[in-house]
Amino acid sequence: MNEDQFPKAYDPKSSETGVYSFWERSGMFVANASSEKPAYSIVMPPPNVTGILHMGHALVNTLQDTLIRYKRMQGFEVCWVPGTDHAGIATQTVVERHLKASLGKRRTDFSREEFLKHVWDWKEKSQNVILSQLRQLGCSCDWSRQRFTMDPGANRAVKKAFKILFDKGVIYRGYYLVNWDPILQTALADDEVEYEERDGWLYYIRYQVVNSEEFITVATTRPETLLGDTAIAVSPEDQRYSHLIGAKVVVPFVNREIPIIGDFSVDASFGTGAVKITPAHDKDDYKTGMNHQLPMINILTSTGEINENGGIFTGLSREVARENIITSLEALGLFVKKEAYSSRVGVSYRSGAIIEPYLSKQWFVSVDSFRDSLREFVNSEEIRIFPPEFVRNYLTWVNNLKDWCISRQLWWGHRIPVWHNKHDENVICFDGEGGPEEVMRDPESWYQDPDVLDTWFSSGLWPLTCFGWPDEDSLDLKKFYPTAVLVTGHDILFFWVTRMVLMCSAMVDTEPFSDVFLHGLIFGKSYREYDEKGEWFYVSGERKRDYDKGKALPKNVVAKWEKLSKSKGNVIDPIEMIEAYGADAVRLTLCSCANRGEQIDLDYRLFEEYKNFINKLWNGARFIFGHISELTSRDLEEGVNQDLLGLEDFYILDRFNELLDLIDGHYNCYSFDKIASLAYDFFKNDLCSTYLEIIKPTLFGKQGSDQQRATKRKLLATLLINILGVLHPIVPYITETLFQKLKATLGTVENGKGDSVTGHAVSMLRSEACMVAEYPKPIHVAFPQGLRESFGIAERLVYTIRNIRGEMQLDPREPLQAFVISSEKKELVDVCIPIMCALGGVKTVEQLAEAPKDSIFSLGVVEGIQVGVILPPEHLAKERVRLEKEKTRLEKSIDSVSKLLASEDFRTRANPSLVQAKKDSLRNSQRELQSILDKLASL
């Protein structure tokens, strides 16, 4: 074979760019909304324009592309819409840091318009990198439909959705206790707050009862908030305080008189059983304040400092105010003590700041009217969630939904489409271009709300905006909405999935997708190195890479699977992996890991393993090409003479049909790891290690007729074309490269259709590319009765021969002589003999009526068939000596343990577990001895 036509080694770099350009140039990614084919659509979870792709992006997009390619080959009109997300807080934060580092300026040093220009510039650069990387991964997106969550179409959809909900009264504005990030100075939704267990203190503070010498003591983790206290609460059933309910106490420093109230929410066992109520700075206190109509006093500024309601502490930070208040309470004799205490502290997922419950006027979506429909979509299976274990999580989220705070105090994002009158409380919600008519007539009297919408508001409309909503006449919307499936990580089941169901169904009264597949989160292996003091640090660099590749760990280094993090040194860059191993190896690795659990342990060595498989695929195909190079497409069109098919041929066709059936089932439930494993095993084990090895003697002319050889070649070409089709959705680059070589080798397909064996392969060859060829279908032949049982016996006969070779320590390169004794299964043995020779390393196999008397042999039995291997004379003496030594050792051991167990003293005084262990040891030794005796007898 010409080296230029088919190089010995596969080089991903030399083919991937050209293959992708061929696909894109040929328009194979573009969907046709007017097509009569059934639709299959996916909208890409848009990556944030904050940087570059990470391994999570590589995973989710590999899985989507696998589905899209599979469905495209099945004849669906597929539409995969790519896009990017503006990611409000995240992008604004990144750009602010960039401007600080590059220009030494803060956001507030710019006008809003100037700052947003910098963000748009960042977005363009980042988006270009991201989209280029998606192409590198092999994503067959419809780039003509590329979207951005702040493009004009998305902006129109967001304003329309806001107005619809506003007009229905679902969107409202009011004071509410929000999660306030004092660094970013914006409200966060509940699910944007991460909770950490932190060590702190529980402070005990006394309040004096008005007109009494009595004091009441409370325990609190936040003494600085006493400046905003509006009540003390106790349980009505707590006898210690029942006489004080209705009395008043004085708040230190601000001298405010506040009531002591009874409330059943108070846990009498916590602290002293009395708690301070600060409705403006604690969520539980806020509920209590609403129930008892208490005043709500905000004591903090937006930056986390004490405001004018803090009296002498005004202007201090939260931390300094706490210290000063404790010192002042001690001076007044009102501080009792402090105790070590661990509590869950809310932290901003973006800035890391401690979240401050903060009374602020915000925009909200009322969720009560959506709760029933959100449940019904999933309970009725209009939306199916995979894995099904996450259904419970979804329903729990829905049952506990709270009104959604949708306003953010940012500059980057969708501006809230509401105008406020400067002179009264009138507001206008407007979803058109420009501004409302009233504003245009009198612009000095109106101002647009300065806040932007939560990123998830626009992301919640993503499936609709991708297909042209609110234009109800959009062909894309009619053809491709609802989408087939949403593929995303389980960590944003509530962040995004639930909100998409809410927002999309509120707009068009249908679900946004039929299925949801939630993949696990990727974990990488990190290594902690401990010093003599027990302190540790993360190993990085070349040492970490050596450990990843299997180097033994020193005693002071411990490996642990952890979420990917730069600080832990366990981040794996997908682009680096593509450069090192090729996109196909990376895709196959990710698919093979995409189990249905919550965690994906991404072992670095898997990339090496699957790169080896890609090479195996190339080399296996190269071998097949060497034997089908004389074939033409016309030969395949003529079909196959099934009378010339042997047991091994029926076996491989049966295995292929079984593969198709299993893979189809796994696609239907998104078991990507099983799809990858089945395809991998079929090519590597069934096709290459078994079938090719069996038919090599025929291919090389050592056995069989010319007609049988021609049949095998046609079958090989057919199998290769079909397996390339099966593998293509996962490893598209190499399969397309090989498919094009097949087309070039076999030539143009004429009008013939082939037969039930070759017909589909002929049909595939007519296609311009593997990615648009029809997906393989079962190959129909007259399978012989008992096929699987017969081939199973052949495999066990081979295993027995290999086992004898191993036990007898025969040279694996030395061809063996074997014989078979079976009077009842002679015909079956006849068809098994070629398989035994090819796979068992046997030179000859004779069918005998009885064992040869003049030979030394070792014997095994399979289903009543005796199979023997002739041993070389010089081997007999060595093997007998070895077995005799082993026999002597076992006999001594058995004698020793038997005497010990016969001792009544040992049986009564020894630990029962030791006695049982000795009995087990004796039984094992006796079994081993019997095996040795049997082997000696066979010699």
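Along the chain as shown, the residues are counted starting at 1.
Every residue gets a Cβ built from N, Cα and C, even glycine.
What Swiss-Prot says about this protein:
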MOTIF     47-57  motif ''HIGH' region'
MOTIF     563-567  motif ''KMSKS' region'
BINDING   LYS566  ATP binding site
COILED    874-939  coiled coil
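Counting residues 6+ beyond its ends, the motif ''HIGH' region' (47-57) has Cβ neighbours under 8 Å at 84-87, 90-91, 94, 122-123, 126-127, 129-130, 133-134, 137, 489, 521-522, 564, 571-575, 602 in the same chain. Confidence over the motif ''HIGH' region' (47-57), given as mean pLDDT on the 0 to 100 scale, stands at 91. Look at the residue listed as 'ATP binding site': DSSP puts it in a helix. Per-class residue totals from DSSP over the motif ''HIGH' region' (47-57), listed helix then strand then coil: 3 helix, 1 strand, 7 coil.
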